[in-house]
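Read through the structure below, which is laid out as structure tokens, and then see the notes.
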Amino acid sequence: MEAGEAAGALLFVLAVAAAVAAAVATGAVNFTYPAAVGSVVGPSPTSSGGGWWEALAWMRSCVVAPAMQAAVWACMVMSVMLVVEATYNCAVSIGVKLLGWKPERRFKWEPLAGDEGDEEKGAAAAAAYPMVMVQIPMYNELEVYKLSIGAACELKWPKERLIVQVLDDSTDPSIKNLVEKECESWASKGVNVKYATRIGHKGFKAGALKKGMEWDYAKQCEYIALFDADYQPEPDFLLRTVPFLTHNSNVALVQARWVFVNDRASLLTRIQKTFLDYHFKVEQEAGSATFSFFSFNGTAGVWRREAINDAGGWKDRTTVEDMDLAVRATLKGWKFVYVGDVKVKSELPSTYEAYCRQQFRWACGSANLFRKMTWEVLLAKQVSPLKKFYMIYSFFLVRRVVAPAVAFILYNIIIPVSVMIPEVFLPVWGVAYIPTALTVVTAIRNPENLHIMPLWILFESVMSMHRLKAAVAGLLELPEFNQWIVTKKVGNHVAEENCEVPLLQKARKGLRNRVNIPEIGFSVFLFTCASYNLVFHGKTSYFINLYLQGLAFLLLGLNCIDTSCCCF
């Protein structure tokens, strides 16, 4: 067991101990609270309807309430799992920040050929640089193809040691023609640009990447840098990342952090930034620091070609081909490095519909990968038992299944329904303390996002419905589990002070396309429960929260967040 894994295990144990201590202090260890039959809270039955009212009251107290109470305790267990996981990741992230434990201190790093400028000093210096291929998969990327190709071709690296491969799966002939001409333009400037197409779109992005690795020139490259069509690396990207690979033979992947060109274009993009900031600053940092494992983000990273081949290459069995490759490479004993100081500009989905499709693809694919790979992880011989536990429990179970399940079932179903079933007991530590703790650990590494946290919480409440649906589809392999819809791009020409989103369609749409029926329906349900609680509140008063949640569902149901100017 390595030092990082031992430290990670110790911190996880401490997080569990803290959660148990808090549970004991609040009486949370008592999971035997009875669903006692109480007096009916609500409208009094009329004398003529007493029979049916008593039957309903009996059904509620003796059948519905016990079932609800069991669901409550199941959600409490999942809530504890979630808060322990979040606290652990946050503690590791803060520790890394305070100790200044940068990747350069854990892995050997030094400039190639001795000097950062040596790549421009002729053939002798250039020979010290390994062959690198930059892959850019594209699919009808009219708005951003010039940005990504231009950024890749301007990378600081000896021209004879760099290949830029544009994998164009576009179905629009005019767009394909434009992309090919852009490649020819850069080739005329001395850049080694390869324009590659294939017949069909089988396997989506994974299929394109796999095909790209089969070319003879690709087999000559030691390292593969990958950028999606809307990603723009800084010129020194390779100079800062490739040395981790050249000087550490056991490192397979170097992952950079995303920053966004349109994070203030609307309230939607601002909230997305809050979510992704937590992912990179906390989850990726924690995984890299303790187990040298995290999920490849699918772009803005550099792979060792040997590691890709050793892991079995790209596979299209799920919609998260990047995570699939990362897990398989880890099971072969390879390590990953996350470098948060290296930032790559990218674009956030500019519409609610596009964001929902992206999140569905990610959540469904990761849950399906959990189903497919659990047994492989358990049988892996090159991974320590502690790392296996981290991968199965923390990486897959808690983050991909438990998180969306408890977020939706507890806060959007059980709590609203409980206002009509007074026999159900909801412990304050589960419905107040744990959500507060989760909010704190989410915001503590991103204090600049603190003021937007209330809106983020309400937004995530709505998104939990989509993520849970996606997780179920992935776990059960429902018909939609392998759907792939490319996220529409805008390009980085949207100025920060301009709140208009150019891709919002101005054409008239049918009612079904202008509103989101599931969100509207759920808002009606929440408003109904909130109104009931307001009038017949009994011992609980959740109506303020329920009204706010219902309002969030309603606004997203009406697509009001797409064009909401972000003034935060």
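Glycine is no exception: its Cβ is also placed from the backbone N, Cα and C atoms.
Just so you know, TrEMBL annotations are computer predictions that nobody has curated.
The signal peptide feature in TrEMBL is assigned to 1-22.
The transmembrane segment annotation in TrEMBL covers 70-99 (among others).
Each residue in the domain 'Glycosyltransferase 2-like' (223-411) has a pLDDT score, and their mean in this model is 95. Per TrEMBL, the feature domain 'Glycosyltransferase 2-like' maps to 223-411.
Taking Cβ pairs closer than 8 Å, the transmembrane segment (390-414) reaches residues 8, 12, 68, 71-72, 75, 78-79, 81-82, 85, 88, 283, 287, 290-291, 293, 295, 327, 330, 363, 366-367, 369-370, 374, 377-378, 383, 424, 426, 430-431, 435, 460-461, 464-465, 467-468, 470-471, 475, 522, 526, 549 in its own chain, all 6 or more past its ends. Residues annotated as transmembrane segment in TrEMBL: 390-414 (among others).
TrEMBL lists 426-444 (among others) with the feature transmembrane segment.
Residues or ranges marked as transmembrane segment in TrEMBL: 515-536 (among others).
Among the features that TrEMBL reports, transmembrane segment is placed at 542-561 (among others).
A Cβ distance under 8 Å defines the sequence-distant neighbours of the transmembrane segment (70-99), meaning residues of its chain 6+ beyond its ends; these are 8, 11-12, 14-16, 18-19, 23, 28, 31, 281-283, 285-286, 289-290, 394, 398-399, 402-403, 405-406, 409-410, 414, 418, 424-427, 430, 434, 437-438, 441-442, 444-445.
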